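Step one of this worksheet: look at the structure below.
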Amino acid sequence: MPRFGAHMSISGGVSKSFARGESVGLDSMQIFAKNERQWTAKPISPEEATAFRTEQQRTGIHPVVVHDSYLINLAAPADELREKSIAAFADELERCAQLDIPYLVTHPGAHTGIGEEAGLARVADAICRLLAEGVGGNTMILLETTAGQGTALGYRFEHLARLFELIPYHERLGICVDTCHIFAAGYDIRDPEGYQTTFAELDRLVGLTRVKCFHLNDSQKDLGSRVDRHAHIGQGCIGVEAFRMLVNDPRFADLPMIIETPKGEDMAEDRMNLALLRSLVQGAE
C-alpha cells in the first residue's frame, strides 16, 4: 500500500509537525523546512534537529518530504533574483540534510519571458552548481510536474526529460507527480486508457523509476486549463476513478502519496480525504 500523507504545519518548530501528522493518521508527511514566504530564516538548532528525529522515531511517520519556498525561481533571468533563489535553495537542501530528510520537492521555475529552453538551461545550471559542490548531502531533489500557469516550466514531461539530460547527477534527481497539475496541463488520467497513456509517456521520456513521490489532489479546473486549483479527492474535475487506479498501481505501491487539499485548522478535511484514498485500495478493510 502507498504511504499516505499530507502537508503539515511547522508552527512552533519543525518537530511539532509530527504530532499534527499523528493526529490525522499519516504514514508519510510533507512540510516546509522554514517559512515558505521569506527568503531567509534562523538556522535549525541542534536541539530542534534532535527533537525532530526523536518525534519521527516515536510516530514512525516516513518518509518526510520538504517542499521548497514559493519565492525560489531557479529559471529567473534576472541575476539578482536568480542568485537569491540559488542561495535559498542551497539553504533548503542543507536543512533537509540536517534533518535526514530524503526528498526536497521543487517546481522547476518560471522563465518569465526568456523562453522555455533558456529557462530550463538556467534551472539545470543552478542545480548542477549546487550538486557539484555536494550541497545537501544525499538529499534528492524532486522536480514537480506543474500546471503550466503563466511561464511556469515543468508542465510537459519533455521539460523534465530535458532537465535529466542537462543534469548529470541522476542519483540526486527524481520526480514528484502532482495529479492536479498534470491534469491541468492536459494529461487525462480519468479513464484506464488515458491513465495508461499518460504514465507510458512519462516512462518513455523520463522513466517511472524516477518517480519518488505523488501529490494527490483533485482539480477545480478542467483538463488542459493550465490553472492550478486543488480540490478534495473525488470532488473535482478528475474524479475518484483516477485515484483508485493510482493507489492500486503496483509500480507505485510503496511511494509516499501526499494530499495538498484545502483544509481548516482542525484538519478534518485531511482525515476525510485520507480515509477515502485508503478505502480505494483493493483489499483494504
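The backbone N, Cα and C atoms fix where each Cβ goes, glycine too.
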Q: With His107, Glu144 listed by Swiss-Prot as binding Zn(2+) 1, identify the candidate in His62, His67 belonging to that site.
A: His67
Q) Other than its own, how many Cβ atoms are within 10 Å of the Cβ belonging to Glu144 (Zn(2+) 1 binding site)? A) 19
Q: Rounded to the nearest Å, what's the C-alpha distance separating Asp178 (Zn(2+) 2 binding site) and His67 (Zn(2+) 1 binding site)? Just drop the number here, would you?
A: 13
(Q) What does the structure give for the C-alpha distance between Asp228 (Zn(2+) 3 binding site) and Glu260 (Zn(2+) 2 binding site)? Integer Å is fine. (A) 12
